[in-house]
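Participant: Reproduced below are the annotations present in Swiss-Prot:
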ACT_SITE  Lys35  active site, proton acceptor
ACT_SITE  Tyr257  active site, proton acceptor
BINDING   Arg132, Met305  substrate binding site
MOD_RES   Lys35  N6-(pyridoxal phosphate)lysine
Amino acid sequence: MRRAARARIDLNALRHNLRTARRAAPRSRVMAVIKAEAYGHGMLAVARALAAQADAFAISCIDEARVLREAGVTLPLVVLQGFRDAAQLIEVARLGDVQPVIHSTGQLDVLESAALPAPLRVWLKLDTGMHRLGLPPGEAAVLQNRIAALPQVAGVPGLMTHLACADEPERPETGIQLQVFDAATADLPGERSIANSAAVLRTPAACRDWVRPGIMLYGASPLAGETAQSLDLQPVMTVSAPVVAVKRLAAGDAVGYGGGYVCQSPRTMAVVAMGYGDGYPRHAPSGTPVRVHGRRCALMGRVSMDMLCVDVTEVPGVAPGDDVTLWGEGLPVDEIAAAAGTISYELLCSVGGRLRLEYVG
C-alpha cells in the first residue's frame, strides 16, 4: 500500500552528477553503480536515464542483471558478487555481455567445469587490504593466466580491487592498497578498475581504465567532512510527506513514546506522515532538521513507525496537507544521516515499498 509520503527523483541531477564523475576522471570509462535499486532510486529508471552517458553498469547480483536485460537495457553489466554455481553462470552467459567478477577459487572451479552457451568476459578481483572479497594479489599472474586459458572466457580478464578507506583521503591505507595492486599487476595485461566515488573525487592515481562511481551519482558526499555541494553534486532524491495534524502543546507536555522530549515552553507541533516504516531513521534524535514552508524545523521526540513530530512554533500557518521535506533539496541527506548516527547510503537504500517514487527530468 502506498502512502502520501514520496520520494522525488531528479534525473537531471543524476546526469549532472555523472558528468561530475567524468570531469574528475577524464581518462577513465564510467561503470555506474546501480545495485540495490540504484541506492533506493529505482534501478530501471536510473539505468534508462544514464544509458546514453555511462559506459557500463555495476550491479550486485545476477537477479539484477536479469531484470535489466528483460527491460531492454543493453549496456555491459559487471556483477560485483559474481556467481554462486554453474546454473547462475549459464544464465549469465545467456543474458549477453554480463561480466561476472571472480573473487574466490571456488568460483574459478565452477567456471572451469561449466559448459557455457557462449564465452564470457570476466573480472578478477584482488584483495589488496579490505579483506572482504578478493583473491591474494601475489597470485594475480597465475590466476589471470589460468582464467584466460579457459574456453569459457573471452579475452583477457580485467583486474579490480576495492578501497577500504578512500572516504578519508588523509589516511595511508589507500596508498598502500594501490601499491599492493600495482606491484601484483605491473606486468599483466587487462583493463583495471579501482576507484569508487571517493577515489574518483580525491585520488587520481586510483582512476584507471574504469571508475565505479556509486553514492556520488545520487548526490551524497562520499568524503568525510566535505559536503556534496562543495563537490558539485546535486541531490537526486527529495523525500517529503504531508502534515496530518497540528497541535498546541503546553510547557511540561511530553511528546512521543517514552516521553523523552518534554516541552520547556508552549509549542506548536506538526505530526507528519513519515516514520521508520517508510525508511526514516528511527534513531534520529530530537533536533534533527526538517524543512517546512522552506524553513528549518526540528524533530520532537521519538520517530514512530508511521509518524514523526516536528516543532513548527516559529513557522506561521502550518496546516494539515502541507509538505514537509525530510531530506533532499535544501536539506542534505548527509546531514540527516549524521544526526541519526548512520550514513547516507543507508538512508537512501531504506526508502522502501511504501513510498512513491516520482521521476522528473
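In case you wondered, yes, glycine gets a Cβ from its N, Cα and C as well.
Keep in mind that what you see is a predicted model, and the values were worked out from it rather than measured.
Are these features on the surface or tucked inside, and what are their neighbours?
Facilitator: In this view, Lys35 (active site, proton acceptor) is surrounded by 18 other Cβ atoms within 10 Å of its Cβ, with every protein chain counted. For the recorded site, Lys35 (active site, proton acceptor), the DSSP three-state label reads helix.
There are 10 other Cβ atoms within 10 Å of the Cβ belonging to Tyr257 (active site, proton acceptor). DSSP assigns Tyr257 (active site, proton acceptor) to a helical segment in the three-state reduction.
Other Cβ atoms within 10 Å of the Cβ of Arg132 (substrate binding site) number 10 in total over all chains. Following the DSSP three-state reduction, the secondary structure of Arg132 (substrate binding site) is coil.
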Participant: Near Met305 (substrate binding site), which residues of its own chain have a C-beta under 8 A away, given they sit six or more steps off in sequence?
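Facilitator: Spatial neighbours, sequence-distant, of Met305 (substrate binding site): Gly275, Tyr276, Gly277.
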Participant: What's the CA-CA gap between Lys35 (active site, proton acceptor) and Tyr257 (active site, proton acceptor) in angstrom, rounded?
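Facilitator: Computed Cα spacing between Lys35 (active site, proton acceptor) and Tyr257 (active site, proton acceptor) is 36 Å.
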Participant: Using Cα coordinates, what distance in whole Å links Tyr257 (active site, proton acceptor) and Arg132 (substrate binding site)?
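Facilitator: Their Cα atoms are separated by 39 Å.
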